[in-house]
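Q: To start, I am sharing the structure in question, which I have written as structure tokens.
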Amino acid sequence: MSAPLGVAPERIWLAVEAVDMRLGIDGLSARIQASLGRSPCDGTAYAFTNRRRSRLKLLVWDGTGVWLSQRRLHRGYFTWPSASDPVFALTAAQWRWLISGVDWQRRDAKIEKLTLELAYLRRMKFGVKSESLVAAERDLFDETLAADLAACEARLDEQRQAAEMGPHLPPAEKPKRERAGRQPLPEQLPRVEHLHEPESCTCGQCGQALVRIGEDVTEKLSIVPAEFFVERHLYPKYACRPCETLTAAPAVASVIDGGLAAPALLAWVMVIWAYRSNALGSNPPIVVFDYQPGRGGKYVVEFLGHWQGALMVDEFAGYVAAEDM
């Protein structure tokens, strides 16, 4: 992705706040007008990113219409700057630097690394060690070394040019790293607590009274039909001070080991198909299966035709072709 045709470098604007990447031309155009107070048809290119900084969309007016392009990084993320203003302008060099996924905060380290690498390659080519090689070895060595030198010099020049533009950008804001492992259940859901006390509050070893020292908590997602809530299971932990014995109630067995779903939710999922199979109206139910010989977006457009409405789909890229229908 390079600077859009017909758009001057100073007319590329970056939206600081993350947006929903499911938004298309209409959604992003509305956001430009409502949040940024600008017109999407003013000849300016607007760039947007998601919260993870892994996807980027560019909305451009070319004089006759608006087109939308996007880029996704499979490794790393776009180094997105933070600023007090909702948007700020980028030059062509800054734009190329940004979409390449390069972190401008580390530009000095990259330049130093490339400089050392270039010096090493030059020593290998012109130093004393190269003279000790036999003719056949030297010819084979020179073929690859010349290409390595040229590539290293080109990369170093590119980094130096980008570094000259770097100070004009605000400091970058790294995306928050998501918590590893299973994510917690939403805080806005109501909690229904279940307290699991041990059978006895006296020590099974010495008979002394137990003292509560803490608790373990597990959470499972449950449901009252059409209403979700979280079952909160608390297991108080008790200790015997004289003999230091720990006591707690045994954990309640789960239907699915380590799963988030409570028995009520699993039961609801198992029987919901029966509800959906009932007659919900006077019209006959409709089930459509359409076979196509390929996976291109044109088949999606041909099948949907002029239909308009809300369409729920997965991540299959072919649906992008129907985004503007």
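Keep in mind that glycine also has a Cβ here, set from the backbone N, Cα and C atoms.
What TrEMBL shows for this protein is this:
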COMPBIAS  171-181  compositional bias 'Basic and acidic residues'
DOMAIN    114-193  domain 'Transposase TnpC homeodomain'
DOMAIN    201-244  domain 'Transposase IS66 zinc-finger binding'
DOMAIN    272-321  domain 'Transposase IS66 central'
REGION    164-184  region 'Disordered'
Q: Would you mind splitting the domain 'Transposase IS66 zinc-finger binding' (201-244) into helix, strand and coil residue counts from DSSP?
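A: Taking each residue of the domain 'Transposase IS66 zinc-finger binding' (201-244) in turn, the totals are 0 helix, 29 strand, 15 coil.
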Q: Grab the same-chain neighbours of the domain 'Transposase IS66 zinc-finger binding' (201-244) for me: Cβ-Cβ under 8 Å, and only residues 6 or more beyond its ends, written as numbers and ranges.
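A: Those are 184-185, 189-195, 251-252, 254, 259-262, 264-265, 268, in sequence order.
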